[in-house]
């Protein structure tokens, strides 16, 4: 937590505070002579902790980019001392009457937290030693404020020391969000959104769903891990992190990097973000190149047809995008090849031409150069440096504003202030700097209320353009991501296609190729099902043709040709269902095939079952007609009536289902279980026809109920007519057919539901069930007819005797044996009447028998008024002479 800003706001004392007898005063009064008068002024020392060198191959190398960043701090220092408003016009008026003078000393941190901590401790040890030395004449004092550090991990370490020493710290480039809780810490750089910018860019431009993060295992790197993870969750991405120890300068560097590279390879990812420091990016990039994780082995070739293998974004490496950045052609060719096609992400800026001009003038001013070098703790580092016009950098601007914030705050804090009082005043700073309005959050000390810009700079290797053994790059801004305070969603501006390491603009897939077992139906199973369908369809067509060709046969006339043809057509459609049932990927019209299955099955089922239903029902009506002695004949219209009702109901429901948004469509479903790859992608799936909503039940339930009721009613009527002689009707075989169909449904449908997730088993069993169901109908109905195709029509009394036996077995009119006998006689007469071959002798004989029954001469019974025997009436046509000739039947 931040220190209490309300504490120590009282006026300052003389500043002669001590710690164990040691004078630790940070602000002192000095006496200056101005013309003929002397003035007492305050003076404080600013310790500049900024990196100038880095360790590379055990050698300290000057980082030119960092040199000009620190030069901006020194230029701001000189403007504060001279009240120069050439860059910030308000400065002279703001500092009018200020009695505060600054001193300046730079210390090279080498990007190291340990080195920076040593510098802070050393400055206090020297001061204490000088105060203990009575003969010391130095006037050096400990710093009242630190400008720096550059890296967040260094600022974190310095802030720990600062909290104990009440030493405020102002950074211009440390962006770790964890520093918001560091005491006495402030910064002119916003808590950067580069993590969100990179994640959003990858998500929107490349369509990335998984990204790898390689980061230094320190405070700064862990901050990147946290920020990247939070941003990835926000934009529905998955992050896999690989940390590595920040100890690449020792002998274990190779082992550390090898382990990190192997972990990156194991992720199987194609997109990476690398949070690297200026001292670590070279060995990391080199290792990634040799592990074939970065760059291309042939970057000089031109290829725009193949996909790049890997995409890297590197944040906070400003030196890579400078015009002066180059690599040694002999020793760093692999690094150059690795960097070709990467993206560098830094915070953007609005150019400030006045400051740029002042820095350019200062870098060519010998007097300024000497003053600048003299204010360094190690001036020998710059003795042989050739100053040139600096490349514009955002961090130059931020550092200039940071020094300005320190100087203005020192002027506006009264008296010989303490570190706490200075920090409290610093949190209230508000001025218009070169980077815009400088306003700090009073709770965190972080720059507040700023719109951020993050250019995505694409590094492009300049082929065959080496100068003096150096390899250079062309930094091309491919896009810019803007984080605006007025919008919750970043804004992306695309300027150029992103060029990858193989000179292709085609990005690689987000994840490695997935080899999924789609559980397609094997060709052998498909051929088997189609063969079953063809057999049943050919059999149906053949039997239909046979019926039409032999419709004059007695056995066909008894079975009625239209009824038999209707059965053949129904089973043909049901068998045809097997064809679209086996439709799968790589074939067009999957959704149409899905809806073809219920159409073919339901229509074929309705046609076949309605024919059976009509036949069974009319046979039962014929049996019951013996009570009224009416001649009945099953006509085609009688069969078509129930067919049209059942078929019409199915057509209405199927049409409504098809035009609704809840029809069947092809879906690929992942198999449940743990068979997934490292990215959670299912390795097994199956395709099936599924509805898009449960509202499909509005159609499927009525369809099932309608056809099920039709099947039950058909079975019931067939059962009632089961005892009819085979040569008179097919009811016995019809009953056997329906029992087989019901058994097939009861056994087959549950199995089909169980194997629904296995397309091969589902198709195989469904094909067999459909084929058996069709054969169960046509084989019992047609095989006996084919075997009896030579049977002749019975003559005379044979028909009456068959029907009499049928009525006797069925028990119709069996109130008493006498009633049964009478009805049998009436039935024989009806049969004779229905037989065109019946003779006049048979009719006369039966008429005499019925007269005796009517008169009651055999049993003495009066039946003339019995409603069960209407033929006993004298007026009944049976006693009319009009029936004397068979031709009038």
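Including glycine, each Cβ sits where the backbone N, Cα and C put it.
Keep in mind the model is a prediction, meaning the values are calculated, not measured.
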Handout entry: Of 500-524, 525-549, 800-824, 825-849, the range TrEMBL labels transmembrane segment
Key = 525-549
Problem - Stated TrEMBL location of transmembrane segment, expressed as one of 462-480, 481-499, 595-613 - result: 595-613
Exercise for the section: Would you mind telling me which of 419-444, 731-756 TrEMBL tags as transmembrane segment? Expected result: 731-756
Practice task
Flag the pair the transmembrane segment (525-549) / the transmembrane segment (762-783) as in contact if three or more Cβ pairs fall under 8 Å (sequence separation 6 or more).
Solution key: yes
Handout entry: Contact check, the transmembrane segment (639-659) vs the transmembrane segment (595-613), 3+ Cβ pairs under 8 Å, seq sep 6+
Key = yes
